[in-house]
Amino acid sequence: MDRCKENCVSRPVKSTVPFGPKRVLVTEQIPSQHPGSASSGQAQRVLCPSNSQRVPPQAQKPVAGQKPVLKQLPAASGPRPASRLSNPQKSEQPQPAASGNNSEKEQTSIQKTEDSKKRQWTLEDFDIGRPLGKGKFGNVYLAREKQSKFILALKVLFKVQLEKAGVEHQLRREVEIQSHLRHPNILRLYGYFHDATRVYLILEYAPLGTVYRELQKLSKFDEQRTATYITELANALSYCHSKRVIHRDIKPENLLLGSNGELKIADFGWSVHAPSSRRTTLCGTLDYQPPEMIEGRMHDEKVDLWSLGVLCYEFLVGMPPFEAHTYQETYRRISRVEFTFPDFVTEGARDLISRLLKHNSSQRLTLAEVLEHPWIKANSSKPPTGHNSKEATSKSS
């Protein structure tokens, strides 16, 4: 259970970063691979503990000049570190991993090696490349495993900063959950290790960056792209929910794009296993929070369905449906489910979004119903997989 101080219900703090829409922050976030850059002049997006200012990548070394930390962070819980990675010969250069059969072979090779060899990773096993992202707790770098030449993303987090923010448990949860998930639309966590001052997460590299950055670049998406992304996300969430995992922080900043433009869910820091199917902690981005969470009521996996509706709206319109200049106004709009559609949003899209943004969570469409919705079927270029995604991705596990 998250600590009380993680709750979003606190006074807003003005952002001073000159990039992107002004964001009201409560605390900071572990960095993702690709920080989004946004245009100015937009209303504030109210953020909760899982968010931070997206600072443009800065070239710096991840290991130099760091003083030892007296207080040690206990080793992260979860699976043992993954073994030495392996991939096809073509991955010798720092480029996106191949898709299709080559990608399946890479994943199969990795898993076989994981099963046959168990070892402790160290920083010496990797060649460190350019920075991909920078955040409050550390940085993300493009990296290459020396022996196999496998290209990946290495998230480097500083223990002293994790301790000061009191988010060790959040990191442990992210490692525990994400390392066990196998789906083509979920970013893979291969393993982790740590030294005296840092924690390292070995992640799949998503070369096309965040959906947030792409959305800011294009202002909004067309119906075909939106429906395709919603299909991929619904497939991934269906898989997560079948594993009793609730993400709780679905938003453009936490969605990455693979080499073929496929969507990948990342940042599972606010996700939870759901043995009781209920969690009451308020977390994530306020714009994407459902009424039951901001009102402090019990909630289940249906919170992700609400976020799916908000996401679909933002993809088509270019801004979240409940966005306002103040925390209080955003809160009020969500509680009353007050939003309107621009004239250019089609009837099919309006129907889907309206049936997801229901105050009563039991009245929201299920993920299966989302995948079978006429607007999705008419516009998406990807087929639904739902719970069958496990079978479809067995080769990559």
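For all residues, glycine too, the Cβ spot is worked out from N, Cα and C.
Feature annotations, reproduced from Swiss-Prot:
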- 1-118: region 'Disordered' (REGION)
- 29-55: compositional bias 'Polar residues' (COMPBIAS)
- SER40: phosphoserine (MOD_RES)
- SER50: phosphoserine (MOD_RES)
- 84-102: compositional bias 'Polar residues' (COMPBIAS)
- 103-118: compositional bias 'Basic and acidic residues' (COMPBIAS)
- LYS136, LYS155, LEU203, GLU204, TYR205, ALA206, GLU253, ASN254, ASP267: ATP binding site (BINDING)
- ASP249: active site, proton acceptor (ACT_SITE)
- 273-286: region 'Activation segment' (REGION)
- THR280: phosphothreonine (MOD_RES)
- THR281: phosphothreonine (MOD_RES)
- SER335: phosphoserine (MOD_RES)
- 378-397: region 'Disordered' (REGION)
- 378-387: compositional bias 'Polar residues' (COMPBIAS)
- 388-397: compositional bias 'Basic and acidic residues' (COMPBIAS)
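Features per Swiss-Prot, on structure.
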residue	record	DSSP (3 states)
LYS136	ATP binding site	coil
LEU203	ATP binding site	strand
ASP249	active site, proton acceptor	coil
ASP267	ATP binding site	coil
SER335	phosphoserine	helix
Handout entry: ATP site span - longest C-alpha distance across LYS136, LYS155, LEU203, GLU204, TYR205, ALA206, GLU253, ASN254, ASP267, in Å
Key = 21
Completion exercise
Out of the recorded positions LYS136, ASP267, SER335, the residue with the smallest number of other Cβ atoms within 10 Å is SER335
Practice task
Using DSSP, break the compositional bias 'Polar residues' (378-387) down into helix, strand and coil residues and give each count.
Solution key: 4 helix, 0 strand, 6 coil
Problem - Cβ packing number for TYR205 (ATP binding site), 10 Å threshold - result: 24
Practice task
Have a look at the recorded positions LYS136, TYR205, ASP249, GLU253, ASP267 and say which one has the shortest Cα distance to SER335 (phosphoserine).
Solution key: ASP249
Practice task
Filter the binding-site residues LYS136, LEU203, TYR205, ASP267 down to the ones within 10 angstroms of the residue listed as 'active site, proton acceptor', Cα to Cα, kept in sequence order.
Solution key: ASP267
Practice task
Summarise the model's confidence over the region 'Activation segment' (273-286) as a mean pLDDT value.
Solution key: 53
